[in-house]
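Here's what TrEMBL has on this protein:
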type	residues	note
DOMAIN	13-129	domain 'Response regulatory'
DOMAIN	159-204	domain 'PAS'
DOMAIN	239-298	domain 'PAC'
DOMAIN	311-537	domain 'Histidine kinase'
DOMAIN	556-672	domain 'Response regulatory'
MOD_RES	Asp62	4-aspartylphosphate
MOD_RES	Asp607	4-aspartylphosphate
Amino acid sequence: MLETIPATGTSPTILIVDDDPNNLAVISDHLADTPYTILIAEDGETGVMRAQYVRPDLILLDVMMPEMDGFETCRRLKALETTRDIPVIFMTALADTQYKVKAFEAGAVDYITKPFQREEVVARVGAHLRLWELTLRLREANETLEKRVEERTAELRDSERKLAEIIDFLPDPTFAVDLEGRITIWNRSAEEFTGVRAEDMLGKGDLAYGIAFYGSRRAALVDMVLHPSPEIEALYPYLKVENGVVTGEGYTNRVRQQNAYVMGTAAGLYDGHGRLVGAIESIRDLSERKKLEQQLRQAQKMEAIGTLAAGIAHDFNNILTAILGFSQLAIFKVGADGPGKREMERVMESSNRAADLVRQILTFSRFTEQERAPVHVLPIVEEVLKLLRSTLPSTVAIQKALQVTPAEDVIFADAIQIHQVLMNLCANSAHAMRPDGGTLEISLSRIESDAAFLSRFPELREGRYLVLTVSDTGSGIDPLLMDRIFDPYFTTKEFGEGTGMGLAVVQGIAKGHGGAISVTSEPGVGSIFHVYFPSIERAAREERPVAPKPVGGSERILLVDDEIALSELGEEMLSSLGYRVTAATSSVEALELVRSRPNDFDLLLTDLTMPGLTGVKLAAAVRTVRPDLPVLLCTGATETVGEEQAEQLGIREVLRKPYVLDALATAVRKALS
C-alpha cells in the first residue's frame, strides 16, 4: 500500500521507506512543519518502485524490513540509472560499527540512529537536501560553462564567478590555483577545516596551501596536475591518476583536530580553447570512516586471538591434566616421606600456576566469565611485582607501598580482572619511561569517602574504598590528550606497539566493579593513576583445613578420552578409588561397548572434544541404548553444554581440565548420585 501526504507549492520531495507505522508516524511528525513533500512506502520493493516513478530528492530508509532489508534496498536503488544519485539516509536502532560500515558500503550518505531527535532529523535532512541542490546546480553550471565557454570571454568570467560561488558552498574543503600556483579559490569548508580565512589565502603562492593543510610548505595534488614529478608522487602513497584526475589519501593536520585522514581529488582547469589555466583540489575528511575500519580490524584481530587462545587452552589443559594427575599419583605412591615427594609437589604447584595462566588468557579473550567473590588484593600485588621484576628492564626501579593489612585488602571482585588492571597500568607506565627508565611504584591503601571524594566521583556510593595506585617517573601526558586517554583505540604509541585498549579496559573494569579511576600527570615528571574499589570487611585469611580423603565406590565406569595418557590417568585414578573401569580411546569404540553390553556400566565419563563422535554426540547416541545411564562430561576446551541440553542427554556433571583426584572423585560421586 502507498500513501501520499500532500504538501503545498514546489518543494523538495522526501520518500520515507519503513515497514513500521509508528516509525513512519514519528518521522512524518518531525518533518510536518518543513516545506517538504513527504511520500511513504511500507516496504523495500515498493520503495524502489516509487523512487523510480517519483525520483524524490532524498530517501529516508529503515534497515530492518521483511523480505528485502534496507541494505539490499539501497543497493537496488544505486544500481538503477534513474535513482543511483538520490541521496539515501539510513534510520535504524542498530548503532554497531559493522552496520554503519555496511550502510556506507551500500551507498548511503548518512546514518541516523533511533530514538530520533526532531532537531537532528530536520538538520540532517536539510543539509543533505542543500547538498543535493548544490550538486545539481553544479552540474547545470558545468553544462552551461561547456556551451558558453567558446562564445565570449565575458561569459567565461561570469561562469567562473558562479562556479566559485557554488564551490564556496560545497561541504568538502576545496581550493584552486592558477598556473603560477597562486590561490584563486578558498571555499568556506577550507576555512573551517584549516582555520585560515579565504582573505588570508587568496593570491598567495609558494605552496602556502601546504602550510594550512600540512603545517609546512609542501606540494599538494594540484601540483601533481600542473607539474607531475616523482617527488610529489612520493608524498602520497595511495596516488591514482586516471583521465587527468588525480586522487590520493593520507593524513593531514588541521587546527581543530590533529591527524585527519583525508582523500584529495584534483583536476586541471581549462579555458574555452582547452588550454590549462590552473587546477582545483577537493579534500574529503575520511577520519570517521578510517576510525570505523580500524575498529573493525581490531575487533577481527581480537576475535582471531581469542580463537587461537581457545585452541591453545584446550591442548594445554590436556597436557596439564596429565602432569597434575600423574604427579599426584606419584606422591601417593612414594608416601609422606618418600624420595621425590617434594619435587613432585613443586611440579604440581607450577602446573597449577600454568592452569591459572590459561584461565587468565581465556578471560582476557572473553571466552570465559569468572564469578566475583571476596578477593584479597595483597597477594595479587605481590604476584604482579614478581612478574614485573622478571620482565621489566633493569633501568626501571620497582617500589611498593602496601599500607593495608590482610584484613583490609578485601574487595568483591574477579581476581583475574584485578590482575589485568595492575598489568595494564604497569605496562603503560613502563612504556612511558622508555628508553631511559625511571621508578615504578605500586601502592595499596584504604580511604573513607568524604564530601570532597563523593563530589569528585558522584557515581560512587558512600563508604570505604581500597585504592590501588600506580605511579611512574616517565614522560607524562600532554594536557591536550588527557580527555582522550581512556577512549577505546586511542594510543600515542607507534604503529604496532599498542592497541589503544589498555586504559579503556582498566576504566571498564573499575566501573564494572562499582569503582572509578583518576589520573594526575605532568609532562616530563610522570603520571599517577588511582583506581578505587569498594572495600568489604572480612577477617584475615585463615589456613585452609586439610581436605578429606576422596570418596570412591565400586560402580562400573566406562571412560572415554582420545588422549592415551589421559585415558590411562583416568583409569588409574578411578581404580585407586575402588571403581571398576573400562577405558576406551575412541568414542566409536565406546559406543560399540555400550551397544554390546548395555547393562555393564553405571556411568559414562567422556571427553568433550574427540574425533569422530564428540562427547555430546556420544551421549546422545548412548541415550538411545541406555536412557538411564548418567554421563559425566570432561573438557579442556572453552565450549560446554547448556543446562537444557545437558538434561536431555543425561549429562549430570561437567568436569573441567586440568583436574586432580579430589575433583574427579567429587564429580563422579555427584554424577552417580
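A Cβ is built for glycine as well, from the same backbone N, Cα and C atoms used for every other residue.
Automated prediction, rather than curation, is the source of TrEMBL annotations.
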Its residues classified by DSSP, the domain 'PAS' (159-204) shows 20 helix, 9 strand, 17 coil
Going by DSSP assignments with H, G and I as helix and E and B as strand, what are the residue counts for the domain 'Response regulatory' (556-672)? 53 helix, 26 strand, 38 coil
Under a Cβ pair cut-off of under 8 Å, which of the recorded stretches 13-129, 239-298, 311-537 contacts the domain 'Response regulatory' (556-672) most often? 311-537
Counting each residue once, how many in the domain 'Response regulatory' (13-129) are helix, strand and coil under DSSP? 53 helix, 24 strand, 40 coil
Reported in the order helix, strand, coil, what are the DSSP residue counts of the domain 'PAC' (239-298)? 12 helix, 32 strand, 16 coil
For the domain 'PAS' (159-204), the mean pLDDT of the predicted model: 84
